[in-house]
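Engineer: Before we start, here is the structure in question, set down as structure tokens.
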Amino acid sequence: MWLVVLAIVEPMNAGVHGDGYYTWLWARSIVFDRDVDFEADYRLCDDPWGLAHTDQGDVINQWNPGPSLFWIPILLFDVATDHPALHHRDPRYANGCIGPLAERAVHGSLLAGFLTVVLAYLVARRAFGESAALFAAVAIGVMSPLSYYTTMLLSYGHAASACTGGLAVWVWDRERRTPSRWGWVWMGAATGLAMLTRPQNGVLAILPLCLWLERAYVTLRAGDRRALARLVGMGVVYVAATLLVFAPQMLQWWDSQGELFFLPQGRQYLRWGAPRIVQILFSTTNGLLVWNPILYLALIGLVMLAWQRRTRSLGLPLLLLVAAMTYVNASVFDWWGAIGFPGRRFDSVLVPFAIGIAAVAERVVRAQRQRPGVGLVALATVVIVALGAWSTGTQVAVATATRLDLAHRSDRMWHDVWGRVTRPLWEHVGNPLAWPGSIPFALRYGVSPRVWDFAGAQELFLHDWLTLRRRPEDATFDFVERHQELLVGFEEDVRTVRGRRVRGVRAQYARMIVPISWPEIGAMRFTVARPDDATGPVHVWLAIDDEDLGSFRIDPDERELRVPVRGEHQGIVEIRMRVVGGWVGFGTLEFLDVHPTPQEREAPHLREVAERRRAWRAARHAEPTAESP
């Protein structure tokens with residue numbers, strides 16, 4: 001019901017845009033063009049991101065056909081009933097690129113979200129009963145990224161991914177006790193279907209793999225070679241079923257680019273050796289658990305299930321699945337997922353999260369039955385603490401001159417009161433939901449946990465993941481305004497010196513805590529300023545993490561300091577400095593590439609790949625010529 005209400009209220013326009021635009025083109029191409037090649041689509045429709053011609057080839061679509069399964073039926077109905085938009089004078093509207101046809105069809109995501117909730121309920125009920133399962137299903141439907149991508153960003157594929165991922169979990173749970181030959185077929189088909197929505201969902205194969213390994217272990221101990229041979233055969237059946245269902249995507253890649261397994265974002269998109277696991281879970285700007293705190297319960301429940309011998313066969317594979325998905329998501333170049341509701345790339349493990357929530361709910365209900373009053377006491381404590389904080393905040397707000405003798409909008413008053421309640425807490429200990437990430441960070445760097453809000457967020461020195469082009473706008477650290485929260489030991493006040501706004505070091509020693517994306521820093525270029533009355537030189541010693549960068553001289557008229565860097569540094573790095581001999585102000589710090597630059601090194605590979613793919617496409621899609629008489 002909540003999902004339906006959100007869809008009716010429609011807090012965000014249901015139009016197709018962003019990633020969702022290119023995802024939608026699959027459905028449009030299948031229905032209108034009766035193919036899955038996007039050359040005509042990019043020519044007729046808009047191509048805002050220039051995927052018709054890229055540095056690695058032409059006519060590339062980075063997204064996948066699976067979500068179209070939920071959208072095509074609605075589009076076919078509109079075509080069959082001659083929807084008025086089919087006669088629109090704008091060909092983009094008439095051909096379903098944008099407009100009413102697209103906006104109506106993507107409401108199929110609402111069905112995908114609803115089915116995800118149903119699957120969560122069915123799987124959880126099988127293990128924990130109706131009450132716990134209902135609570136878990138509602139929690140996932142309302143308090144996870146699912147509701148956002150089911151009712152707001154309808155054209156994105158995350159609701160479909162959640163549904164097909166949930167189906168794979170449901171089939172596995174049904175078959176895991178006594179898997180049959182057809183059970184392996186259905187598990188493979190479900191995995192392939194989930195991969196059609198997002199290829200990363202191949203990680204779901206961990207569940208059947210755990211089942212296969214468990215059966216293989218038992219069979220080996222029994223010494224039954226025939227049973228082992230049958231089990232190997234079932235593994236082959238599973239893989240074959242997976243590839244068969246995933247074949248439409250592979251065949252499209254083959255037809256378009258000449259490759260059966262294709263990573264459209266480029267080979268640098270995944271950084272397996274440098275996952276940002278803490279950030280993807282606990283970042284206050286994009287962390288899964290910070291923005292979806294109900295999933296703390298889910299993880300606790302999965303750990304409980306994996307720990308207990310009685311439930312280990314259920315809990316351990318699910319916990320491994322969530323861990324693997326976390327690793328994959330944390331290895332993505334832009335782990336924060338650009339603009340969108342945090343945690344969207346965890347869509348296919350929402351049903352496992354529901355199982356974890358149900359496990360906790362069932363444990364609470366059991367404890368309540370065994371010791372009446374325990375659950376009520378816990379609930380009462382939470383209510384008292386929450387209402388007590390609210391009451392204190394309202395009293396403080398009134399005591400500090402919130403005018404109640406004048407008419408105010410309630411939302412503004414609530415904003416004022418809530419700010420007074422939360423600000424002192426944040427100033428002292430940061431965001432409580434981020435403590436698993438912020439407290440260790442604060443202890444390591446000797447700063448307040450609230451600094452984690454900025455250090456654990458989007459990273460600087462970000463390069464384009466395909467071309468590795470440095471983005472100057474993302475490579476500059478601002479001492480004056482944008483990044484002042486990441487400064488330690490600098491003056492509070494900003495000065496204007498020789499026309500430049502700068503911030504000086506308070507007492508010789510200072511630090512900067514900087515989140516860095518690309519590890520190869522060729523040099524750091526500081527903009528600096530000395531006072532008008534400065535006479536002698538100032539010496540600045542610098543280090544980045546464990547690398548001593550040396551001491552550098554800044555004369556009175558110097559405007560720039562360039563510092564070479566030799567080692568690799570990424571993630572959260574600490575830049576330390578000591579200033580001796582006078583005052584100097586710092587304005588910006590720009591991170592520069594090594595030479596040759598990553599872009600220059602990657603360019604030959606991209607040219608070779610692009611030439612090969614274009615040659616394949618030209619031969620594959622060449623217009624047939626009439627034979628001579």
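Heads up, the Cβ atoms here are built off N, Cα and C, so glycines get one too.
Values in this document were obtained by computation on a predicted structure and should not be read as measured data.
Found this in TrEMBL, in case it helps:
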TRANSMEM  105-124  transmembrane segment
DOMAIN    107-248  domain 'Glycosyltransferase RgtA/B/C/D-like'
TRANSMEM  131-149  transmembrane segment
TRANSMEM  202-220  transmembrane segment
TRANSMEM  227-247  transmembrane segment
TRANSMEM  288-307  transmembrane segment
TRANSMEM  314-336  transmembrane segment
TRANSMEM  348-365  transmembrane segment
TRANSMEM  372-390  transmembrane segment
Engineer: If you run through the domain 'Glycosyltransferase RgtA/B/C/D-like' (107-248) with DSSP, how many residues end up as helix, strand and coil?
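Structural biologist: Going by DSSP assignments, the domain 'Glycosyltransferase RgtA/B/C/D-like' (107-248) contains 124 helix, 0 strand, 18 coil.
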Engineer: For the transmembrane segment (288-307), which partner among 105-124, 202-220, 314-336, 348-365 gives the most CB pairs under 8 Å?
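Structural biologist: Answer is 348-365, with the largest number of Cβ pairs below 8 Å.
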Engineer: Using Cβ distances below 8 Å and needing 3 or more such pairs, separated by at least 6 in sequence, tell me whether the transmembrane segment (348-365) contacts the transmembrane segment (227-247).
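Structural biologist: Since fewer than 3 Cβ pairs under 8 Å link them, the transmembrane segment (348-365) and the transmembrane segment (227-247) do not come into contact.
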Engineer: Excluding the flanking five residues on each side, which residues at least 6 beyond the ends of the transmembrane segment (202-220) place their CB within less than 8 Å of a CB in that stretch?
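Structural biologist: For the transmembrane segment (202-220), the list is 165, 168-169, 172, 175-176, 179, 184, 187-188, 190-191, 194-195, 227-228, 231, 234-235, 238, 242, 313, 316-318, 320-321, 324-325, 328, 348.
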Engineer: Report, as numbers and ranges, every residue of the chain located at least six residues beyond the transmembrane segment (105-124) whose Cβ falls under 8 Å of a Cβ in that stretch; write 'none' if there are none.
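Structural biologist: Answer is 3-4, 7, 14, 16, 20, 24, 27, 67, 70-75, 78, 96, 132-134, 136-138, 140-141, 146-147, 149-151, 154-156, 159-160, 162-163, 166-167, 169-170, 173, 350-351, 354-355, 357-358.
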Engineer: By Cβ distance under 8 Å, which residues at least 6 away from the ends of the transmembrane segment (314-336) in the same chain are close to it?
Structural biologist: 127, 169, 172-173, 176, 200, 203-204, 206-207, 210-211, 265, 268-272, 274-277, 279-281, 283, 285-286, 299, 302-308, 342, 345-346, 348-349, 352-353, 355-356, 359, 457-458, 462, 465, 517
Engineer: Across the domain 'Glycosyltransferase RgtA/B/C/D-like' (107-248), what is the average pLDDT of the model, as a whole number?
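Structural biologist: Result for the domain 'Glycosyltransferase RgtA/B/C/D-like' (107-248): average pLDDT 94.
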